[in-house]
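Asker: Structure provided below as structure tokens; questions to follow.
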Ligand SMILES: Nc1nc2c(ncn2[C@@H]2O[C@H](COP(=O)(O)OP(=O)(O)O[C@H]3O[C@H](CO)[C@@H](O)[C@H](O)[C@@H]3O)[C@@H](O)[C@H]2O)c(=O)[nH]1
Ligand SMILES: [Mg+2]
């Protein structure tokens, strides 16, 4: 029998994405029922990728302004991240191939899915699809930088993997998705 009943949704904002309030009956593990309220932000799902070059022993990361981090403790709000984007109508693999070209100017054909995970399960419905992909010099087709039409302003960083790992260990990389994939590369020795 379900421990969740009478789920009621109240829309709070659909200004850009959707913020809703939910009330529901929840049966606790001791059998009693309570009526919690939760706010949930829905903006679809996402995909991100660690691009690596086994000849040069480099990875591609990006730097862009992230307002929420600027509001909370980050020094300047410019975060070092993996290329990533929101799934539009496409599937995760098509999405990450498209975002890779838009954000860093690399036209990649094959990517490998390594993980799937909820970004912030207490508040967001979003699930992230994590990929890795090997790139070579001949795949570089533009400077990247993101879509001007969406006001994206992305700096592309091509770094030795050892430098990315140093930045990870010294707290200069603070985006969880980027931490996950750099650690994946270490564990699986992608650049040894
Ligand atoms: N006007 C307006 N535009 C917005 C707003 N929120 C997002 N956008 C636009 O939507 C674009 C989304 O760009 P994507 O590259 O598709 O997504 P992303 O912001 O990089 O998100 C990725 O990283 C997030 C983690 O920080 C992930 O949550 C997400 O799934 C994805 O992987 C932004 O550049 C911006 O133009 C908003 O509130 N107002
Ligand atoms: Mg993006």
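Including glycine, each Cβ sits where the backbone N, Cα and C put it.
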Asker: Have a look through 150, 152, 158, 163 and flag the one TrEMBL assigns to the Mg(2+) site that 84, 99, 103 belong to.
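Answerer: When TrEMBL describes the Mg(2+) site, the candidate it includes is 152.
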Asker: Can you check which of 85-106, 107-128 TrEMBL lists as motif 'Nudix box'?
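Answerer: Based on what TrEMBL states, motif 'Nudix box' spans 85-106.
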Asker: By the count of other Cβ atoms within 10 Å, pick out the sparsest of the binding-site residues 99, 103, 152.
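Answerer: Ranked by other Cβ atoms within 10 Å, the binding-site residues 99, 103, 152 bottom out at 152.
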Asker: Tally every other Cβ atom lying within 10 Å of the Cβ atom of residue 84 (Mg(2+) binding site).
Answerer: 23
Asker: Using the Cβ center of 84, 99, 103, 152 as the Mg(2+) site position, which other residues in that chain lie within 8 Å, going by their Cβ?
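Answerer: Here the nearby residues are 62, 83, 85, 100, 102, 104, 146, 154.
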Asker: For residue 103 (Mg(2+) binding site), which of the three DSSP-derived states applies: helix, strand, or coil?
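Answerer: The three-state answer is helix.
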Asker: Per DSSP, what is the helix/strand/coil residue tally across the domain 'Nudix hydrolase' (42-181)?
Answerer: 39 helix, 48 strand, 53 coil
